[in-house]
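Per Swiss-Prot, the features are:
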| type | residues | note |
| --- | --- | --- |
| BINDING | 18, 19, 20, 21, 22, 23, 24, 25, 26 | ATP binding site |
């Protein structure tokens, strides 16, 4: 009976938003794996298209130039939470999209409406085709990409906590410079005209500053299970 019950668990779409360094990726992957859901890192998609722009010599300061080629690269995301993948035109870009160069330019590329339209279409397609449900993490998932998501979560944390976490992820970055970069990124993401970083009105806010990763995961898993039980 248990196996039969497991198969009939309703699919659930979970949107997890928040700025960098709040634990979005670690939390989203763990929650998806624990609950048997697919997982999508939307930030990686924006990093991937930014990497492609840089690699092809596109002027990142020229929105018109970016818009003209936004549809060119083929970006494919693997949604297995235990081994998420991302390729651009068949090339594995999981490592190169995490460099400081890409990190410093992703906001400019992401702000171009044609880029957001292209990536948003990819995200919606992946979310609607996930048979068992999916955890989608990003900055505008609950507000723009999947406004009808079953559950919306907005993670926050103090700038200090975020910088400490982020400096451990990015090569060659110290905490102080990382903190400044994060605050600059926040300002850019929150003020852009197209799909700014924002908390959805119906999102559950979770401050991760003083929580361990495991505590955050348990909190989100509980929220998802409650939502799934109510469907």
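Placement of Cβ uses the backbone N, Cα and C atoms for every residue, glycine included.
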Around the ATP site formed by 18, 19, 20, 21, 22, 23, 24, 25, 26, which additional residues qualify by having Cβ within 8 Å of the site's Cβ center?
27, 137, 155, 157, 162, 165, 208
Sequence-distant neighbours of residue 18 (ATP binding site) in its chain (C-beta under 8 A, six or more apart):
24, 139, 154, 155, 156
Fewest other Cβ within 10 angstroms of its own Cβ, chosen from the binding-site residues 20, 22:
20
Kindly assign residue 24 (ATP binding site) to one of the three DSSP-derived states: helix, strand or coil.
helix
